[in-house]
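Below you'll find the structure, written out as structure tokens, and then a few comments.
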Amino acid sequence: MNIIDSHCHLDFKRFDKDRDAVIRRAEEAGLSLIINSGVDYATNLSTLELASSYGMIRATLGLNPNMIAETDVNRTLDLIEERAGDALGIGEVGLDYYRNKVPKSRQKEVFLQTIELARRLDMPLILHSRDAEDVCFELVRDLDRVIFHCYGGTASLMEKVVQKNFYISLATVICYSEDHRKVVERVPLENLLIETDSPFLSPFRGKRNEPAYVIEAAREIARVKGIEMEEVAAFSLQNVKQVYNI
């Protein structure tokens, strides 16, 4: 089975001791591609380094809203633009109204800059939109290629997202979240991506997440939808290729 982890953070320190083994396990599990996403200046650099070191890893470059106060925004945006040719998309970027580490007005200001960057470079935008899904949607609705990473919004918003031909990326949290399973029931396979968001959101409580566990997300989606896991993997692969033009 050919399957993809469409969003993770293998450059984070929690993988420093066994990164090679984690990637090897992903290959053994049938993964053909891992998309690693930067969240600030430093992790954009480490993501690019990771992608240049491992053939199955590709990069997206971003600025997570929670990191705005801790990084040089202009320097980070300049880096994203300079290295856009080495990346599949811009993200993760967006708004986080759950943590509120950064004032909403400042989050929006930076988010609008990343939206304009995606528009100018004609690149997909990968959204971090925790407790801000509706606001994010209104700000990106005129773009062509958008991924709602680790989607946690309502089913009604999901229908608007699908109508725009955007993508809903579901993480391994669906293995134990009833709210996320309700989204699974309604999201069309043509708009579905699957991810781990490693090292977070492990399907096995108390354990660090890793790309090989994306299999668990595919298995749960297949169970909820009453289809074969291979069909879930095939649609996710097809959708990743389409949104990223690969």
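Cβ coordinates come from backbone N, Cα and C, glycine included.
Record check: TrEMBL places His7, His9, Asp197 at the divalent metal cation 1 site, and the matching candidate among Glu92, Glu116 is Glu92.
Cβ packing within 10 Å was compared across the binding-site residues Glu92, Asp197, and the lowest neighbour count falls to Asp197. In terms of Cα spacing, the binding-site residues His7, His9, Asp197 all stay beyond 10 Å of His128 (divalent metal cation 2 binding site). Neighbours of the divalent metal cation 1 site: apart from His7, His9, Glu92, Asp197, residues of the same chain with C-beta atoms within 8 angstroms of the site's C-beta centroid are Cys8, Ser37, Val39, His149, Cys150, Glu195, Ser198, Phe200.
Classification of His149 (divalent metal cation 2 binding site) by DSSP places it in coil, neither helical nor stranded.
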